[in-house]
Amino acid sequence: MPSARLLVLFGSQTGTAQDVSERLGREARRRQLSCRVQALDSYPVVNLINEPLVIFVCATTGQGDPPDNMKSFWRFIFRRSLPSTALCQMDFAVLGLGDSSYTKFNFIAKKLHRRLLQLGGSALLPVCLGDDQHELGPDAAIDPWLQDLWEKVLGPHPVPLNLDLGPPGVPWPSKFTLQFLKDTPSLDPEELCVARTDPQGPPSELQPFLAPMVSNQRVTGPSHFQDVRLIEFDVSDSGISFAAGDVVLIQPENMASHVQQFCQALGLDPEQHFTLQPREPGVACPARLPQPCSMRRLVSQYLDIASVPRRSFFELLACLSPHELEREKLREFSSAQGQEELCEYCTRPRRTVLEVLCDFPHTAAAVPPDYLLDLVPLIRPRAFSIASSLRVREEGQPRGAGGQAGGPAGQGAHCPLPQAHPSRLQILVAVVQYRTRLREPRRGLCSSWLASLDPAQGPVRVPLWVRSGGLTFPKMPDVPVIMVGPGTGVAPFRAAIQERVAQGETGNVLFFGCRRRDQDFYWEAEWKQLQARGCLTLVTAFSREQEQKMYVQHRLRALGPLVWELLDGRGAHFYLAGNAKYMPANVCDTLLSIFREEGGLSGPDAAAYLAQLQRTLRFQTETWA
């Protein structure tokens, strides 16, 4: 088996698949294999026929969708014109990353594995199914799979390992070098800003729109355990357009106090400016990073020092450490045998990059600035379901109403929507804060940053852009929709209901659940007004208002005949959004029960009926851990 040339191709949405791929590359080089690591869409896919050995590392997103940086590859590899012998010279293995709380767990990896076999490829191993829900994370599946992989690749007589990638204590070369400037650039800070208030073309990750924040209002009661915000942005003249089911991506920043603490721990001057240079040809600098850039800006807007570090972080930190005791502990954390201890130290209590560096002060003080971008991942944008529709006029009358309410424009013209605005984008944000055994509470980076912004104290601008979401609503008229959205899961359904009512659609059924009607009943007045006007059927479940807890699945079951009639009799679409932990499985179990009891289906037939709804996109979910 050829083993001198190894290609690792990844499709990554949040950075985990890329991190795993880079780990694969390091392990391959330790085994004296020539290895390239590339994003799938940056690789010329027609060259795949000449590759002897390829490892695919693929995440699954949304409703079983490929990540953005492998969508072109995905379309190509499933062309019907490709011959069944196209990849007959290629040995391959597929490593999947997913979340078992989703119905289509690791769908992309499984489907790619089958397709590569169809094209004549030879599988070295069964597909690896990494699971975010496992207590040890994806590594629980990845570690033993990689051990088997190297045995297959290298055969019964593996080459000697070069575990230190060079002389003892010397890490692998950094991707970039930082060239520090003697003088501070005389550029205005706004000139260095990558985001613009007037972007050319639709805003994107490379050029987000600096949207003015119009309002930032807490919408939960003062005694409620969680701070939930309704935040509104002005997207006038931005080129942004969106529909129900779309999401807005927001690029957050680190807290100023954390930035200062990080710079102190590593001995960095926040005001020092630098330019970034790749060490190897063909390696691009981070696209959003301005050149030159200050250290303060790098740390505050680019380095995710509030993230929980991955195993590779400890591996590199051990190589960089000059302190014997700290280095020994870091090596233990990065070893396969030390994963339970690493989980106890870092993963379970959600210890951050910054906190780990403070726990290893001698090592942190010795980290060369060149390694900052190898050591700390970049801040990833956070996605929020859009909770408003552009189809609604500010005065609350649906666009295209054609005059007076109830006029000839259609049945939806009599359903005004208060608190809806044109050229405005609204999101519902649960501010993440919880306690672990660590002294400081854990805080979500983006939600806490957004909650700290107060437009009443002065202008606030937030970098954002929009992309298609995982929910698509029926375009055919008169198709009813059943929406189950407990808590902040109701956000995308508010946009959908606004949009559908503006188009004259009244077959809207919303199951909403929360703890108490006086504490976290989001948009109560709006729902009740739409219900009174015949535009909405609202079903509520307040879990803490009676001795026996009541959840959305209980209300679904109680209205089983209505649910079955809408689905089977009227071709309704069913949507589910919210926390992934228990609710999606409970709702699915309830639906199967309804299919059996109201539809008279057997157990297997009920399961097949639900699967058919999923295949035809009449059952869609948007859940998060």
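Glycine is no exception: its Cβ is also placed from the backbone N, Cα and C atoms.
Unlike curated records, TrEMBL annotations are generated automatically.
These come from TrEMBL:
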- 6-150: domain 'Flavodoxin-like' (DOMAIN)
- 12-17, 59-62, 97-106, ASP132: FMN binding site (BINDING)
- 206-474: domain 'FAD-binding FR-type' (DOMAIN)
- ARG350, ARG382, ALA383, PHE384, SER385, GLY444, LEU445, CYS446, SER447, TRP624: FAD binding site (BINDING)
- 395-416: region 'Disordered' (REGION)
- 399-410: compositional bias 'Gly residues' (COMPBIAS)
- THR488, SER543, ARG544, LYS549, MET550, TYR551, VAL552, GLN553: NADP(+) binding site (BINDING)
Which has the fewest other CB atoms in a 10 Å radius around its CB: SER447, THR488, SER543, the listed binding-site residues?
SER543
Out of GLY15, GLY62, which of these binding-site residues shows the lowest number of other CB atoms within 10 Å of its CB?
GLY15
Around the Cβ of ARG544 (NADP(+) binding site), the count of other Cβ atoms that are within 10 Å:
13
By DSSP, how many residues in the domain 'Flavodoxin-like' (6-150) are helix, how many strand, and how many coil?
58 helix, 35 strand, 52 coil
Identify which of the binding-site residues ARG350, LYS549 has its Cβ surrounded by the largest number of other Cβ atoms within 10 Å, counting every protein chain shown.
ARG350
For the FAD site made of ARG350, ARG382, ALA383, PHE384, SER385, GLY444, LEU445, CYS446, SER447, TRP624, how many Å separate the two farthest Cα atoms?
25
Which same-chain residues, if any, lie at least 6 apart from SER12 (FMN binding site) yet have Cβ under 8 Å of it:
GLN18, SER21, ALA39, VAL57, ALA59, PRO67, ASN69
Let me spell it out: for each of the binding-site residues (ALA59, ALA383, LEU445, MET550, VAL552), count the other Cβ atoms within 10 Å of that residue's Cβ, using every protein chain shown. Which one has the most?
ALA59
Looking only at TYR102, PHE105, TYR551, which of these binding-site residues has the biggest number of Cβ atoms within 10 Å around its Cβ?
TYR102
